[in-house]
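To start, the structure itself, in structure tokens.
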Amino acid sequence: MSDPTLLILPGDGIGPEVMAEVRKVIEWTGANGGPRFDVQEDLAGGCAYDAHGTPLTDGTMARALAADAVLLGAVGGPRYDALDFSLKPERALLRLRKEMDLFANLRPAQCFDALKDFSSLKPELVSGLDMMIVRELTSGVYFGEPRGVTGEGDGRVGINTHRYAAPEIARVARAAFDLARRRQGRVCSMEKSNVMEAGILWREVVEEVHRDGYEDVELSHMLADAGGMQIVRAPKQFDVILTDNLFGDMLSDVAAMLTGSLGMLPSASLGAPRENDRPRALYEPVHGSAPDIAGQGKANPIACILSFAMALRYSFDAGEAATRIERAVEAVLADGVRTGDLMQAEGGRPATTAQMGDAIVGKLSGTA
Ligand code: NAD
Ligand code: IPM
Ligand code: MN
């Protein structure tokens, strides 16, 4: 059987820098008993606009649909700010998510023990933290119609539509309940049912799905604003948080900071299983293209490396290989190896992006 295809889209800014380190881990894994991949690479985001005049060509879209999994770095940057909305690098990501139908976005916020002092919260509040945000990714206000800017001058109106259909809520709720069963068995669903009709429907449908086969999982509800407050007040109360596209975007950045740095957090975006049982899937760090540090060897590659580990676990049934990578990351952090984003406190061994990648591969090989 031929090797599964892994399509790499490094993107813009620090994307290519962190992806170079992931490639080292992919090679190590393939050479050491883990899955081997037919690795392909293509352009997405600002770099695709530079080369082809569009942030994502139809050809790249077709390759992504055909790939066994996609691994993306990050897209965007100030150079593209003035572009028409339809040409912006971020459209590449939104098109990939929509056309691959990646409705369940898994964003774990896990605090490595070595980093508990780097959190903006007190160490005892985050030590041992392991929560998972499940964000709906293909609907809601990101995609609802009508949308646009109409009128002129003082008459201009900006319109976006927050819209959810019941089946869209149900399928992401099932994903969250399934995941909770393999964790601590608790789901907290967040919406604004006090002010939004779509929030009322969200709560109703989540309860229906719960009654219909998931009653072994503990379900609670919170209004999303209070949920944000609780994430910062006492994050360890949460196991799985289920929420919509926009609230999930914001709450996952908030949760990211609890773990010390945005440079630490991976994500998986999953669709429905295909004929071969593998879901369509895209893995990417939660962070963006970080234009402020791009090209300086300062980026932390861990979020992207852990995104590859998630790919091993969720797309290729290689949980053991994934755990090995996660342990290597933990060990390197315990040794005090630190990229700039993890250097607020005293101590630590300063590392460039490449040195961090090498240290992780060194741990995997047992030589560091
Ligand atoms: P950002 O995540 O790029 O950066 C926020 C801050 O975190 C910056 O100070 C940055 O230096 C730091 N940071 C982020 N990742 C880091 C890493 N790996 N190592 C060290 N420090 C890191 O968010 P932003 O500045 O709001 O957005 C910049 C661009 O990225 C925008 O064009 C935005 O649309 C885009 N973006 C893309 C994605 C994606 O491709 N998935 C996600 C978020 C933002
Ligand atoms: C994210 C990003 C994206 C989003 C942007 C870049 C389209 O912020 O993945 O969190 O808003 O979903
Ligand atoms: Mn975001």
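From the backbone N, Cα and C atoms, a Cβ is placed for every residue, glycine too.
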Need a hand: TrEMBL gives Arg97, Arg107, Asp225 for substrate, which of Arg79, Arg135, Arg203 is also on that list?
Arg135
With every protein chain in view, what's the tally of Cβ atoms within 10 Å of the Cβ of Arg97 (substrate binding site), excluding that atom itself?
20
Give, as a single whole number between 0 and 100, the mean pLDDT over the domain 'Isopropylmalate dehydrogenase-like' (5-360).
96
Which one is it, among the recorded positions Gly77, Tyr142, Asp249, that lies nearest to Arg97 (substrate binding site) by Cα separation?
Tyr142
Going by a 10 angstroms cut-off between Cβ atoms, which of the binding-site residues Asp81, Asp225, Asp249, Asp253 has the sparsest surroundings?
Asp81
Using an 8 Å cut-off from the Cβ centroid of Asp225, Asp249, Asp253, can you name the remaining same-chain residues around the Mg(2+) site, in sequence order?
Ala224, Gly228, Leu246, Phe247, Gly248, Met250, Leu251, Ser252, Val254
